[in-house]
Amino acid sequence: MYMATASFSNRVGQAVEKSCSSISLLTFPAPKPTSSLPSLAVKCIDVQKGHHSSKWFLPWGKDQCESLKGFDEASSRLIVANDIVFAVHIPFIGHEMSPWFQFMLIILQLDIAFQFRNEIEENAMLTLDVAMAYRDGLNDPWTEMARSVEQRKLKCVLPVPKTQANEGHNYDCDLLPLLELGSVAHKYYLLNIKLPVNDQKKINLGIGEIKDLRLVTIFQNGGFTQVWFAMKTFLTPSILIIMIWYWRRITMMTRPPVLLEKVIFALGISMTFINIPVEWFSIGFNWTWMLLFGDIRQGIFYAVLLSFWIIFCGEHMMVPLVAQFTCSCCREGRESLRDNSADLPDLALITSFYDQAERNRISVYWKQVGPIAFGSCCLFIFDMCERGVQLTNPFYSIWTTDIGAELAMAFIIVAGICACLYFLFLCFMVFQVFRNISGKRSTLPAMSKARRLHYEGLIFRFRFLMIITLACAALTVIFFITTQISEGNWKWGEVTIELNSAFFTGVYGMWNLYVFALMFLYAPSHKNYGEDQSNGCTGSGSGEELQLTTTIANIDGPTEVYRLAGKESQE
């Protein structure tokens, strides 16, 4: 028994040493996760009869379109709004896009001047006839990628009083989502945007006097992508190897694996699934579904990790038992039972067996795991409603309608509140575990000094693991909330949160180290935990051991941390 726990102590030291070395590897500097590229649309003139959709208007180059300097020139030349095309080339001249950018998000910003004769009406809708094309060489023809007629609701506020003196002052308008691509497989992109006007159908009426269209292109930094891919490539075999080693130790046992061991293995599988660097293929293939696939992998990991923490704490919140009552032949047991019923040892044994049988089933946690599964399904449906549709229409956005924007906003707020409530509930469960462990400490004074010091160290390490679990949970909740706000701040709001690469790589590395440590520490050690502990008195040393942990009839017992919490019953 002492050799087994000593092995665990050595394991903790090795895990801390490996964690420190891994942290030093994960703290190298990395570029910012994303970059933005602002552009001002060039006003091209389309005077062809019928406005052929096959023609593309370039803002610069040898095929540059005939452009206008401003709308005053258009009025003087009798050019109507239907003859104006806003053209934007991505990127700037002399630069190229790259598959290392991974995704491309384009935001639209309007410069609208205040005029009494043409004010912005309430709930004004902007109709956009937008098309996108690509090419890989400067002399190659443009190939159409997507074309659609989209509507965006204008939300503008005039920051100054509406007076004659303030005519010409620009409105403050919310940013409008225009496009989102899940891959950047080509070098050059071209956007042509029309604002068609139709008096009979009331299209683009009451939208104010538009002066300019500005676009902001957001993409992932190539340098950060390389760092991210390198981390995934390095961490995948590490977690895969420890997971195989862990399950091999489990299968070598003569007993079936307990629930906690199964859940740790499931956590290892989900971590490996999110680690596998399939993004390498996106460098050579135009996989537009990579964003959706990444969200699905992230959602699966969140669901397994949150469920694991509930089960991890729940499996250590056993029915409080006094383990020394389970061995009536021991001297301490006989003294404590001197004034009690002879049936008390059997009752304690039955209670311990019932507790182990009940807590070692996933169905016991349906009240806690059920909401996690339901929330994960809701997140998946929400993601499919936007990024699923964007696979066929990259101009689609769930934020363009009032109902969609309100539902999306409510979903993000509710998800953040639920994440905070989950963390508070987890803190309560950890407090309950600490209280149970404190009850075990009351038996330590009756032990010999060497064994007492050994178990005090073991309890300290277990408490440290629980504190690390709380810290990991806190950072995970913060990461989830801030990423949701960061993804949606340009769509709905006023709060701006910039996540740097250190936060992304730090949280990701923390997850891997945490999963690695769990599988390393909770793998069975295959040591003899005691000889014939259930067959009568085994001496003072066994009696001291029974004061801290329940007895185990099978030598293939669980790990010392699991035994410390009293979760293994006597067979």
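Backbone N, Cα and C atoms are what each Cβ position is placed from, and that goes for glycine too.
Here is what TrEMBL says about this protein:
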- 42-220: domain 'Wntless GOLD' (DOMAIN)
- 221-319: domain 'Wntless-like transmembrane' (DOMAIN)
- 354-526: domain 'Wntless-like transmembrane' (DOMAIN)
- 227-247: transmembrane segment (TRANSMEM)
- 259-276: transmembrane segment (TRANSMEM)
- 296-314: transmembrane segment (TRANSMEM)
- 369-389: transmembrane segment (TRANSMEM)
- 409-437: transmembrane segment (TRANSMEM)
- 458-481: transmembrane segment (TRANSMEM)
- 501-523: transmembrane segment (TRANSMEM)
Quiz prompt | Among the ranges 227-247, 409-437, 458-481, the one whose Cβ pairs under 8 Å to the transmembrane segment (296-314) are most numerous | solution = 409-437
Practice problem: Using a Cβ-Cβ cut-off of under 8 Å, list the residues of the same chain that are 6+ residues beyond the ends of the transmembrane segment (259-276) and lie near it. | Solution: 232, 235-236, 239-240, 242-243, 246-247, 250, 297-298, 300-301, 304-305, 307-308, 311-312, 315, 359-362, 511-512, 515, 518-519, 522, 558, 562, 567
Quiz item: Given the model, what does the mean pLDDT over the domain 'Wntless GOLD' (42-220) come out as?
Solution: 86
Quiz prompt | For the domain 'Wntless-like transmembrane' (221-319), the number of residues DSSP places in helix, strand and coil | solution = 78 helix, 0 strand, 21 coil
